[in-house]
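J.: Let me begin by handing over the structure; questions about it come next.
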Ligand code: NAI
């Protein structure tokens, strides 16, 4: 006799499996809500993470990437949305933290219908999650999403919105680099300071230009050689190979491309005194903050340094977008960074640990 699996037991097993995959996930960190959004007509597969809404609606970008495994997409959204809670809190914004990962290839899988389907999924959250642009998305995509929901920001400046957040991110990173240089090199200017910029995209290229204008000696690397060349020229600097930039002999390394660049392989070979850049989740694991400190390298915690973009978005959310007010707010990032460095030095802890602790207090988690 063939024994058939009891469908009810099978369903329970699957549910238990899925729940433990999410609730017991190493990065779960008590997320308030996780939505798996699916639309078979458009092929939408997205995960929206709402980490914490203690300070306000959860705000964070939509990232589109061709994740090889669903588990990778889940890990990414959990880490990124928690990072947004911390970032928004330390930037002094009335926003919680959230994030969306849209599974697919941004070069080949985007359609207006897919963006609209994501818009409907965001709308169903009724304003608990506010979307903005992140890696793999463009201003035009955000406008497509906005055809189905009003809970989307970083929209067209012609319509009175704040537009691309990346210039404000680049400004915040440049100001943070100055703070780190003052602390480590005891200098108020950047003349002749050697700075390596990994990634010459929206943020990295603008950052390189600002640093070049301030007199820094800028090295730029990008997997796209044309981008690297354009950014290096605008900065009056030079192009370096993508395999060399992390290990270049510089005063400051500014990762502006990928996460997890500070890891067991790279940290022992770094030749910089400071790491301060825009990329999210630069530390491969929390313990790498200590590994940097042990090598005498000052680390500007990524989510503190790169908050300029979300500050830009926050002024759109308030309905009173004002570019001058945004710049004023971004100029407060160095004060927070100095406070973090001071507390870290006083307590013998690393800046990333102090930043996390400050953020956890602000979102009611300690
Ligand atoms: P982007 O996609 O415009 O630029 C990334 C650049 O890195 C591209 O030019 C790409 O070719 C390059 N790249 C990729 N892999 C590389 C490698 N191995 N070596 C060298 N270059 C490589 O992204 P965007 O907007 O400039 O953001 C950069 C980083 O900053 C991302 O990690 C993003 O999450 C983070 N960030 C961006 C914000 C924004 O306002 N755009 C806000 C906060 C964080």
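Keep in mind that glycine also has a Cβ here, set from the backbone N, Cα and C atoms.
Whatever TrEMBL says is automated annotation, not expert-curated.
OK, TrEMBL features for this one:
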type	residues	note
ACT_SITE	99	active site, proton donor/acceptor
BINDING	199, 200, 201, 202, 203, 204	NAD(+) binding site
J.: Among the binding-site residues 199, 201, 204, which residue has its Cβ surrounded by the fewest other Cβ atoms within 10 Å?
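T.: Sparsest of the binding-site residues 199, 201, 204 by Cβ contacts within 10 Å: 201.
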J.: I'd like the Cβ neighbour count for residue 99 (active site, proton donor/acceptor), meaning other Cβ atoms within 10 Å of its Cβ, all protein chains included.
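T.: Around residue 99 (active site, proton donor/acceptor), other Cβ atoms within 10 Å: 30.
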J.: In the structure shown, which of the binding-site residues 202, 203 has the fewest other Cβ atoms within 10 Å?
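T.: With the binding-site residues 202, 203, fewest surrounding Cβ atoms within 10 Å: 202.
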J.: Enumerate same-chain residues with a sequence separation of six or more from residue 200 (NAD(+) binding site) and a Cβ-Cβ distance below 8 A; give 'none' if the list is empty.
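T.: When sequence neighbours closer than 6 are ignored, residue 200 (NAD(+) binding site) has 208, 220, 221, 222, 224, 227, 228, 230, 231, 232, 256 within Cβ distance under 8 Å.
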J.: Other than 199, 200, 201, 202, 203, 204 themselves, what residues in this chain have Cβ atoms within 8 Å of the centroid of the NAD(+) site's Cβ atoms?
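T.: Output for this site, in sequence order: 166, 197, 205, 206, 207, 222, 227, 231, 256, 257, 278.
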J.: Could you list, ordered by sequence, which of these recorded positions: 99, 199, 201, 202, 203, have a Cβ under 6 Å from ligand 1?
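T.: The qualifying recorded positions are 199, 201, 202, 203.
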